[in-house]
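As recorded in TrEMBL:
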- 180: active site (ACT_SITE)
- 208: active site (ACT_SITE)
- 303: active site (ACT_SITE)
- 145-156: compositional bias 'Low complexity' (COMPBIAS)
- 15-134: domain 'Response regulatory' (DOMAIN)
- 168-361: domain 'CheB-type methylesterase' (DOMAIN)
- 67: 4-aspartylphosphate (MOD_RES)
- 143-169: region 'Disordered' (REGION)
């Protein structure tokens, strides 16, 4: 869903201009910037937003997010014009999945354009949350770092544990995974290197994304890996060696009633998220106790941290992706800072760590 160009040099990005009619996107960007503790902020709407080139000249932002659906947008001509005026300004284009949007993506070669993102088909606030996080992550990388918690534990990106090295624990009976920004590619990489034969327990995933995209993610994992993956269905039993993904717009819960089954709820969002990893993690700890292995992958915010605390209190195990391989070290960084992480791994090393955990060795 995202394509990006090589990084350009922009010493500081503090003022982001958004040229879009969607108030939902502006609201989502403001909230995501606040949640990340980012020094970046949105500029006020320009007086001439329907004339994009004039609006950019009027505001002179450090970075630009451009809606390809704006009236009067002249596609490649406009992008070339803006890019020529300021060759170091990062530009992100938000385009619909239409022939025109796909053509714009294929034909744009301006070095300023650091990413093309898919525009949600609905103005529902939840649909824009993931888009906002991707925008901030792309711009953050141009600044030399991805935004995330500013107070991480020293050495947190190195493999570390909160207990004695090599300690043994009961082999997990369930693997729960949390991911957000950068998550789809991280999940694909992880499960491509982690065959079902090495796990043999149910795998439950919370990936923050709109409802229209979770079945696509499940299908992609099934086609690209050795796993059978699907969206979770209410009241289905847990199946060892298979992946179930929380549907967008629903919390996923493990229930002990009827012999360990999955439940879907539409209770209010937690951490602005539905599905929320905290909800899944807490329910897994309540049902499986010390036999839970939780993995927190790349993502903005702190979802998974409170649930991870419940898992560790029950005697379970929490692993987190390291800063270097995360697109945004928000969720894993929050868990590391909270002191609940048994092991911090690169994305490449996470599969091996999970294999080892499945034998009962930490």
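A Cβ is built for glycine as well, from the same backbone N, Cα and C atoms used for every other residue.
Non-local neighbourhood of residue 208 (active site): 129, 130, 133, 179, 180, 181, 183, 273, 275, 299, 303, each in the same chain, at least six residues away, with C-beta under 8 Å from its C-beta. There are 19 other CB atoms within 10 A of the CB of residue 67 (4-aspartylphosphate), with all protein chains counted. DSSP assigns residue 303 (active site) to coil in the three-state reduction, outside any helix or strand. Take the CB of residue 303 (active site) and look out to 10 A: across all protein chains shown you find 30 other CB atoms. Note on the domain 'Response regulatory' (15-134): mean pLDDT across this stretch is 74.
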